[in-house]
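Take a look at the structure set out below.
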Amino acid sequence: MVMSRGRIPRLGAAVLVALTTAAAACGADSQGLVVSFYTPATDGATFTAIAQRCNQQFGGRFTIAQVSLPRSPNEQRLQLARRLTGNDRTLDVMALDVVWTAEFAEAGWALPLSDDPAGLAENDAVADTLPGPLATAGWNHKLYAAPVTTNTQLLWYRPDLVNSPPTDWNAMIAEAARLHAAGEPSWIAVQANQGEGLVVWFNTLLVSAGGSVLSEDGRHVTLTDTPAHRAATVSALQILKSVATTPGADPSITRTEEGSARLAFEQGKAALEVNWPFVFASMLENAVKGGVPFLPLNRIPQLAGSINDIGTFTPSDEQFRIAYDASQQVFGFAPYPAVAPGQPAKVTIGGLNLAVAKTTRHRAEAFEAVRCLRDQHNQRYVSLEGGLPAVRASLYSDPQFQAKYPMHAIIRQQLTDAAVRPATPVYQALSIRLAAVLSPITEIDPESTADELAAQAQKAIDGMGLLP
């Protein structure tokens, strides 16, 4: 899942998307050879821009036309699946959520990278790619996609309320209780509604505790199969329950998602938050607009004019520095809290991978398009202009990247030692069943919930459908 937000002005983005979608519809008859490039609508502007950059490099040999899928990941997956099962020959390159790799590979919908006629796809996908993103691109020891964007959650906190950021979840819960007793904002902002955000949170806690939902091959449930695995599952569940029931907890915690967590922090209700890096840009933008009571950036004269005509924060480099420097007194970031003290968390990552559809009529050009879309220059553009963390390790040493992402060192480390969600062709069913058992987190009984999670996970991999 990708939770970052783009930075291209929305009006221009809409025009670009419309033009490239029209080009894809026209097809090869009017445009020459066209490679379609299906991406989530949320990042359509960014992907349109890098497609156009590639088209300039190709010099007319062929063109890439970005086409927007729906905004909802579930609807994106369904549309691609329908096109592939219907043998849609206009489908060439697909931006796949990182959890779809096994499903698309097992179904034969995505070509293995070894099918690249030029023989370059596998090496290109591996070279300079961080280990976490790369781990999401394979199935059964074979690469089926090339990472193009990634994401990891951090701890965000109030330095004016918290002396030092908690390093583990026990310290998080203790700090929230201390703040509540002192009459200060005490919520821990999380994603705990019945959905993918809750599964991501649970998976991070589980893997950080030494456990896993499934075996590496996706064939066996490993939540309670050994005493050590059961202990890890119970530990993760205890943390979920404790966060929800500690004194001063968010009373609406069972309905929270990424957006409501961000808002709780910006409104001054939460002093601690685990969330994706999009909250950094959101905090600065809304503070400049006067919407963050504890961070009145709207009162800084040098930031005048940094909000454009459509309400987006588009600062100069100097304005960004001023806003960021001012924010540090009340808005900090730190590594994701550990489960075991002294052992860094293994944080579940999101992102997108590029795969070539089995239905493509232009195999060589589609694989070449993938290489261009994720090359060093376009990775830099995606990160700096699109607000999507890079998958290429070398970019984390780029001074401009570091300026745009002050938390770059934490992001890189967490992407190097990351957790991934269970690799299985039935991930959709597995996720739905896990979320149903975990929700509401206020009613978790760690021991019995561990058993129910294992039972529902087994039903998912046995092909018993989506409903618990």
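Positions of Cβ are set from backbone N, Cα and C atoms, glycine also.
Listed in Swiss-Prot:
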type: SIGNAL; residues: 1-25; note: signal peptide
type: LIPID; residues: Cys26; note: S-diacylglycerol cysteine
type: LIPID; residues: Cys26; note: N-palmitoyl cysteine
type: DISULFID; residues: Cys54-Cys372; note: disulfide bond
type: BINDING; residues: Asp97, Asn151, Trp276, Phe278, Gly351, Arg421; note: alpha,alpha-trehalose binding site
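Taking the features listed in Swiss-Prot, we show where each one sits on the structure.
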| residue | record | DSSP class |
| --- | --- | --- |
| Cys54 | disulfide bond | helix |
| Asp97 | alpha,alpha-trehalose binding site | strand |
| Asn151 | alpha,alpha-trehalose binding site | strand |
| Trp276 | alpha,alpha-trehalose binding site | coil |
| Gly351 | alpha,alpha-trehalose binding site | strand |
| Cys372 | disulfide bond | helix |
| Arg421 | alpha,alpha-trehalose binding site | coil |
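Listed binding-site residues: Trp276, Phe278; maximum Cβ neighbour count within 10 Å falls on Trp276.
Compared over the recorded positions Cys54, Cys372, Arg421, the count of CB atoms lying within 10 A of a residue's CB peaks at Arg421. For the binding site of alpha,alpha-trehalose, formed by Asp97, Asn151, Trp276, Phe278, Gly351, Arg421 according to the record, the largest Cα to Cα distance is 21 Å, rounded to a whole number. Neighbours of Asp97 (alpha,alpha-trehalose binding site), defined as other CB atoms within 10 A of its CB across all chains, total 23.
The Cβ neighbour count for Gly351 (alpha,alpha-trehalose binding site), using a 10 Å radius over every protein chain in view, is 27.
Of all Cβ atoms in the shown protein chains, 25 besides its own fall within 10 Å of the Cβ of Asn151 (alpha,alpha-trehalose binding site).
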